[in-house]
Amino acid sequence: MGQFTTYNARIASNPYVVGSFACIGGGLFGLDISSMSGVLNNPSYLSTFNFPGPSAQGGIVAAMPAGSLVGSLAVTQLADRIGRKKTVILAGLIWVIGSIIQCASVDRGMLVVGRIISGISVGLSSAVVPIYQSEITAPAIRGRMVSLQQWSITWGILIQYFIQFGCSYIHGVASFRIPWGLQMIPAIILSLGMTVFPESPRWLFDHGYEEEALQVLADLHGGGNTKNELVVLEYEEIKQQVYFERTEGAKSYLDLLKGGNPRRVMLGMSLQMWSQLCGMNIMMYYIIYVFEGAGLTGIRTNLIADSVQYVLNVALTVPAIIYIDKWGRRPMLLVGTLLMGFWMFLVGGLQGRFGHWSTPDSNGSSVWVIDGNQAATKAVIVCSYLFVCSFAITMGPVSWTYPAELYSLKVRGKAVSLSTASNWAFNTALAFAVPPGLNSIAWKTYFIFGTFNFAAFLHVFFMFPETVGRSLEEVEEIFQQGHTFTAWRIGKDVGKKTLAEVVEKSRAISGAKGDDYKEEKHSEEHVA
């Protein structure tokens, strides 16, 4: 075995183990989301960091997605140069450093630096894990595997939140330092565990390790048998794709602007943008503020109400994982954006009708709040829960799956990292903007996000083609159909091929390469 093929073949033979383990990288994202949401009303946290106001708190929260933006852009180089597997290992190591700094932080500056470093790790893993998963799983279960990334995010949010909840009973700085320190355990497991998993066969083939690529495919999908039909089919498709891309010259960022790539890059980036602009950010980072505005009083009461939200987020992602390859990407996105827009408008309407400006907190800043109206308070909480359920079963999983399967091997690393960077750019902006937004325009904030959801529905309807069930190489043919603004016209069988068709094409390519070689040889002899 070479340096890139040191792995455990028995582990590699189970696609669910291989596909799901790397998802711990997604879990890190979830851990970080609730590492902040759980301390926003913690007295020890507030006094240690000098009672941050809306803008300062927005800055502290935004430090992590800002670092993630940097990390996801770094994947454009790292994923292609050192490989998918090593990039995941590196992400875990960086997370440990960030967690140590956060845990030890004594002022806002140190906390922000720790969150930026952790953010770089999350950016790396959130961009490279979907690439890795999409390249090692069979087409029939690829959606399910990549959507596990979203499920692991929800688990990370939930686990960290309950650790925060338990530690909220501790008086003093340990109430937030213990959860921030425990964050490093999953990252250590991720970095150590990835050493027994295989490298992506597509990356191996592209870097000249063709025999190793075939063996990895055989271990992944054929029980070690290199003659297995699915293994041969995938190997031949990868071979055709790589040879075709090599004839087009070296990889560069300019490739993203060639042929049909700009369309695909924009689809990936815009889907990740919509996944942020739908309003899920408010419901994850700032749910404590939302429920305070709805009239929930008391730290413990609010924490319990928030935890229900996180449990629903985990539970409702499960049907999406099971059925994503049956339902298809387009229907899930269309239904999800409509439902989320509806719930957002309901929350905004209820807040606007039954709320008013009040000054309940110690530093005297005004907040929009519903008080003395239990029915309205419960309605806002229920609509918030239904919003989270709608996201979890539709947009959440698809926003990771779809961009990972849009691109050819030549640009996949760069294009997926750009789409993930789009996620983090909007995540950063919203982390900054939401606290001041809730503080100034209050209930109107929800109407803004509701409108974004309806805009996303129109965008998906007209421009997002279905990609379910195709191999990553077959997706190429979907985009050769055109239909840039009439995506619904592209049939579900476009691009699907039999093994015989793929082998025939491969022989034609090999024959052409052989003819070129003979021609070169003949001309050399003629010159001699």
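Cβ from N, Cα, C; glycine included.
Annotation source TrEMBL lists domain 'Major facilitator superfamily (MFS) profile' at 18-468. What TrEMBL records for 16-36, 56-75, 87-106, 112-132, 153-172, 273-291, 303-324, 331-350, 379-403, 446-464 is transmembrane segment.
At the 8 Å Cβ threshold, with sequence separation of at least 6, the transmembrane segment (273-291) comes into contact with the transmembrane segment (446-464) through 3 or more pairs. Counting Cβ pairs under 8 Å to the transmembrane segment (87-106), the stretch among 56-75, 153-172, 379-403 with the most such contacts is 56-75. Mean model confidence for the domain 'Major facilitator superfamily (MFS) profile' (18-468) is a pLDDT of 88. Long-range neighbours of the transmembrane segment (446-464) within the same chain, counting only residues 6 or more positions beyond its ends whose Cβ lies under 8 Å from a Cβ of the stretch, are 267, 270-271, 274, 277-279, 282, 329-330, 333-334, 337-338, 340-342, 344-345, 347-348, 351, 402, 437, 484-488.
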